[in-house]
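*Asks:* Following this message is one structure expressed as structure tokens.
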Amino acid sequence: MKLYQRQFIEFALSKQVLKFGEFTLKSGRKSPYFFNAGLFNTGRDLALLGRFYAEALVDSGIEFDLLFGPAYKGIPIATTTAVAMAEHHDLDLPYCFNRKEAKDHGEGGNLVGSALQGRVMLVDDVITAGTAIRESMEIIQANGATLAGVLISLDRQERGRGEISAIQEVERDYNCKVISIITLKDLIAYLEEKPEMAEHLAAVKAYREEFGV
């Protein structure tokens, strides 16, 4: 685990974005941890979040031309990541996001920002069922662009309805790499360093045994 990943886990814990306990997910599964990126909800939170996304992007080595944030949660993420790439990595990248409802006046269309073209890096908070990615792919392909990769904050590394995860399905269906700031494996490595969190470690490991990929 790299320094920025450990710092991201501590940031998420401090903002209660990441919690340990017992939580019922939308899928009905009982999970020993919960991650709600919507609680990164202040200016300082967003500035820090962008830096972590930018670190993960640079670390990945994936080449791309433009950042795309799917509405709605991906919009502030794409924006803050673009700012962080410019301020901290001297990479001034175009960014773009979609509207859920197309405008019929003014600039019109369902896209805001730079022209959607070239190799696109899609940024979002998490991938649960992959629905937002599929909707975004239709927009990307309709504009003649290609998907270079997907960046999310957390990869839960757990099976969907079948034997593989929603992330693995996206990688298979769109022949792209999905990267994340942290994974379930990183969370476990972090918990292993914290004796006071031993009860949570046991629960997370048991969950991985049952649902992990």
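Note: Cβ is positioned from N, Cα and C throughout, glycine not excepted.
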*Asks:* Quick check: of Thr79, Thr128, Thr131, which does Swiss-Prot put in the same orotate site as Phe34, Phe35, Arg156?
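*Replies:* Site partner of Phe34, Phe35, Arg156 for orotate, according to Swiss-Prot: Thr128.
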*Asks:* List the other residues in this chain whose Cβ sits within 8 Å of the Cβ centroid of the orotate site residues Phe34, Phe35, Thr128, Arg156, in sequence order.
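*Replies:* Apart from the listed residues, the neighbours are Leu25, Ser31, Tyr33, Asn36, Val126, Leu154.
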*Asks:* Sequence gap of 6 or more, Cβ distance under 8 Å: name the residues on the same chain that satisfy this around Lys26 (5-phospho-alpha-D-ribose 1-diphosphate binding site), in order along the sequence.
*Replies:* Thr128
*Asks:* Between the Cα atoms of Ile127 (5-phospho-alpha-D-ribose 1-diphosphate binding site) and Phe35 (orotate binding site), what distance do you get, rounded to the nearest Å?
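*Replies:* Roughly 12 Å, rounded to the nearest whole number.
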*Asks:* Find, for the listed binding-site residues Lys73, Arg156, the residue with the lowest Cβ contact count at a 10 Å cut-off, counting only other Cβ atoms.
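*Replies:* It is Lys73 that, of the binding-site residues Lys73, Arg156, has the fewest other Cβ atoms within 10 Å.
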*Asks:* Quick one, of the binding-site residues Phe35, Lys100, Asp125, Ile127, Thr128, which Cβ has the fewest other Cβ within 10 Å?
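*Replies:* Among the binding-site residues Phe35, Lys100, Asp125, Ile127, Thr128, the sparsest Cβ neighbourhood within 10 Å belongs to Lys100.
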*Asks:* Using C-alpha atoms only, work out the spacing between Lys73 (5-phospho-alpha-D-ribose 1-diphosphate binding site) and Arg156 (orotate binding site) and round it to an integer in Å.
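*Replies:* Cα-Cα, rounded: 18 Å.
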